[in-house]
Amino acid sequence: MQQDNRALLEQWAECVRVMNENSRVTGRARGTIAVCEPRGLMGTTLLIAVPSEATREFLQNRPMSEILDESVGRVLGADTLVAFVVDPELEVQPPTTRAATDARSSDRTIPSLNELEAERTPGSFQPAPGRDAPSGDSVPRSPAGLATTEPGDGAGEYDDLPPRRLPEAAPPVPQQREVLSTGNGSDTSPADSEWDSSARLNPKYVFDSFVIGQSNRFAHAAAFAVAETPAKAYNPLFIYGDSGLGKTHLLHAIGHYAKRLYPKLRVRYVNSEEFTNDFINSIRDDEGSSFKGIYRNVDLLLIDDIQFLAGKEHTQEEFFHTFNALHNHEKQIVITSDMPPKQLTGFAERMRSRFEWGLITDVQPPELETRIAILRKKAISEGMDAPDDVMEYIASHISTNIRELEGALIRVTAFASLNKQPVDLPLAELVLKDLITDDGGQEITAASILGQTAAFFNITLDELKSKSRTRTLVTARQIGMYLLRELTDMSLPKIGQELGGRDHTTVMHADRKIRTLMAERRQIFDQVTELTNRIKQQSREG
Ligand SMILES: Nc1ncnc2c1ncn2[C@@H]1O[C@H](COP(=O)(O)OP(=O)(O)OP(=O)(O)O)[C@@H](O)[C@H]1O
């Protein structure tokens, strides 16, 4: 491993030398390049750490992009691509002291349920789907050496903390293979059909449906490497980035692909809010051992939106032990977050430092070409027909969140289908005129969406959140969930929580149902459109 790193450092030094020979590289540019570091070479992608977004932009734009490409091409081969990750630590290089490990379990105190109550995601005292998933599979000795030992209860398991690992060069990324999906696509029973019940994987989120672009190339390559050789390439793999940029998609894709390669691999996807609820429920029900049984007997733990553990001291403590138990037994952990580890506030330092043991990579908003490619892929997979100029129109007006991008395409094709009209540019402009006006408004909140939804359907907020299943209430609730999903950054569990403590699979089901109904029932399309306009209007008025 060290040899690989040394080789990479030498190759990078050579790239820098070649760059510095170029007369277009100014003294300032040389200073900027000098602080950058190579972090890994994955297949044909070189990951370079830069100290700031400004440096990233500087290197991604001409003339530096050309100069960099040329020098990297000369040293590493013409097909080498460059990807960046921002590491603010590079700005000022602190001495590489590592705090002495604070990880000792002997002084662990069991929190009271009351203390824990404050941490949980309200309204979710239900077993999460898959909680009772079988965990006793015997796992073969895989090439990754997985599952050869059973983790214990965590006590004393982290006395010998591994040193920080520099990323190893991953094996070459082979041709992607077709990935089996587990669901049948039916709308009726989300918990059963949408998710692979033990791993809890969404069949739609596979590598094959993920579009690779400059913005996510490295994250994708890292995810792929981890799926191919769990616990051997990077452990943990930490992927961060803004909402709606594909982190969850990559997490599920890792799970699917790893399961495909190692069918007996025990995989578990969990959102950190669900992890919190599972943990608290286990304390409440005095089932701590079953919680450990679930989370410490996996070979691949995929944990989404770790930022939601911020400030939840007891849950973090439990996660810390889970992490250590898994890591010490060479089980793979993949984490996503909206922030890089260093910026995660509300986390104990020992936790943040563990996130940095493996590889940290980010996903950026996709550039125009990638957005168009995502829309094309989406259109094909969902059977939506739209010409290129419509895709381009949507992609050029919505740039920051892929969920919104997809939402726009759904609306345009739904409207065309309802009116039995072809999808063309004038129609797209008409349908999206309110959705893509440059808001300049305030952030859209859950309160505003739910308030407007309740008012629109002439019901109270309590009714909207209630358990009642009258037709109007069910429709209003599902539209509310759809709009929360499309217009905010809220996670599925959080949306479920806002609507009276419903499970995340219910939210997924509602989201899909409304998408489908929009194309089938004019009334639903009109209701969603009118509500969106009112919500956007309210945010503009402040
Ligand atoms: N590169 C991509 N190719 C294809 N689809 C993508 C890509 N990136 C994102 N998507 C799609 O965009 C939608 C949102 O992505 P996802 O839920 O993975 O985002 P996220 O980063 O996890 O957001 P959040 O932080 O809000 O959970 C999903 O439908 C996903 O399939």
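Cβ atoms here come from the backbone N, Cα and C positions, even for glycine.
What you see is a predicted model, and the numbers here were worked out from it, not measured in a lab.
The annotation compositional bias 'Polar residues' is assigned in TrEMBL to 178-191.
Annotation comment: TrEMBL describes 200-416 as region 'Domain III, AAA+ region'.
What TrEMBL records for 233-361 is domain 'AAA+ ATPase'. Counted with DSSP, the domain 'AAA+ ATPase' (233-361) comes out as 66 helix, 23 strand, 40 coil.
As annotated by TrEMBL, ATP binding site applies to GLY244, GLY246, LYS247, THR248. Counting only same-chain residues six or more apart in sequence, the Cβ atoms lying under 8 angstroms from the Cβ of GLY244 (ATP binding site) belong to THR400, ASN401, ILE402, ARG403, GLU404, ASP489.
According to TrEMBL, the feature region 'Domain IV, binds dsDNA' maps to 417-542.
Annotated domain 'Chromosomal replication initiator DnaA C-terminal' per TrEMBL: 445-514, in sequence order. Summed and averaged per residue, pLDDT over the domain 'Chromosomal replication initiator DnaA C-terminal' (445-514) gives 92.
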In the chain carrying THR248 (ATP binding site), residues 6 or more apart in sequence that have Cβ under 8 angstroms from it = TYR205, ASP304, THR336
Key: Tertiary neighbours of LYS247 (ATP binding site) (same chain, Cβ under 8 Å, six or more apart)   = ALA219, ILE239, TYR240, GLY241, ASP304, THR336, VAL363
Ask   = Taking the centroid of the Cβ atoms of GLY244, GLY246, LYS247, THR248 (ATP site), which other same-chain residues have Cβ within 8 Å of it?
value = GLY241, SER243, LEU245, HIS249, LEU250, THR336, VAL363, ILE402
Note = Taking all protein chains shown into account, the Cβ-based neighbour count within 10 Å for GLY246 (ATP binding site) is 25
